[in-house]
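Enquirer: Pulled from TrEMBL, these are the listed features:
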- THR168: active site, nucleophile (ACT_SITE)
- ARG196, VAL197, GLY198, ASP199, THR219, GLY220, HIS221, GLY222: substrate binding site (BINDING)
Amino acid sequence: GRMKPVIVVHGGAGCIFKEREKGSRAGVVRAALQGYSILKRGGSALDAVEEAVGSMEDDPHFNAGCGSVLNEKGEVEMDAIIMDGKNLDSGAVSAVKCVANPIKLARLVMEKTKHMLLTDRGAHLFAQAMGIPETPGEKLITERSRERWKKNLEPDSNPEEFQKDLGTVGAVAIDSEGNVACATSTGGLSNKLIGRVGDTACVGSGGYADNHSGATSTTGHGESIMKVVLARLVLYHMEQGMSPEMAADTALDYMKTRVGGLGGVIVVNNSGEWAARFSTKQMSWATVKDDWLHYGISAGERHTKSVDEALTSESEGF
């Protein structure tokens, strides 16, 4: 039968600074609307999540693509993953530089190679082979990322303090055929060691999609997420009969009590129910279902607009 398509996106869990809330909110709404328009035309969940994440990679408000945080040497190194719930195919890249949209590269890894994850130099060579234009590193670096990097280099600095405003981006969707997909992309942790790979590029941690249960994308403290394989854990709870919301809360709660980690997840199950849950102070999120847009940042915050109204107000700038 024909499913009603649904898309959910997140712009990262953490503590979103007041002056960035508006841009963060607008960014997730724009991404959700763009992904939904693909689904609405009968497009695939895979195309929808790639488009939504690509839109947030291009938005300097988020720690992905342009606007990514810098590693210890002051460079951008990005991770991304995409997964197809139909056959469990997945593609990921880690520690990539000079690519504007790592999520597009991840999709190519999935479709044009027999592998699931390419890293650093290998990912770079593959991007060249695929004819992806090189984006100079400086183009991806915002004033804000550089400022933060400098602050974190000071001897008495505590990078953890700044880690709160994380901003990994992600999307999950179900299309009219009932296929699910997920996509996640990030610049990682500020002032991380060179070559650090976080949860985002790891299948089951940064995201997971399986038509038998649903799809999920995660955000938060990468090392904690990896310890509990958070994305897969959420789906496991749904397989045990939990609703998306309950599954998300149970998994996040486990991560908090077991390893002291905070984060957020977005979920869609194979019948089109969705959730956006987080244990951090905030997480920007947006979803579109039945031509209604819902979005929020803080706990309990939920705005609702019709898609038509949202598209009109978006063209006028929120």
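Just so it is clear, glycine is given a Cβ too, placed from its N, Cα and C backbone atoms.
All annotation found in TrEMBL is predicted automatically rather than curated by experts.
Could you tell me the structural context for the features on the list?
Expert: Less than 8 angstroms from the CB of THR168 (active site, nucleophile) sit HIS10, GLY12, ALA13, PHE62, ASN63, ALA64, THR184, SER185, THR186, THR200, THR218, THR219, GLY220, each of them six or more residues away in the same chain.
A 10 Å cutoff on Cβ-Cβ distances gives THR219 (substrate binding site) a total of 33 other Cβ atoms nearby, all chains included.
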Enquirer: By a simple count of other Cβ atoms within 10 Å, which of GLY198, GLY220, GLY222, the binding-site residues in the record, is least packed?
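Expert: Checked GLY198, GLY220, GLY222; of these binding-site residues, fewest Cβ neighbours within 10 Å: GLY198.
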Enquirer: Got a sec? Which of these binding-site residues, ARG196, VAL197, ASP199, HIS221, has the most Cβ atoms within 10 Å?
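Expert: Comparing the binding-site residues ARG196, VAL197, ASP199, HIS221, the most crowded Cβ belongs to ASP199.
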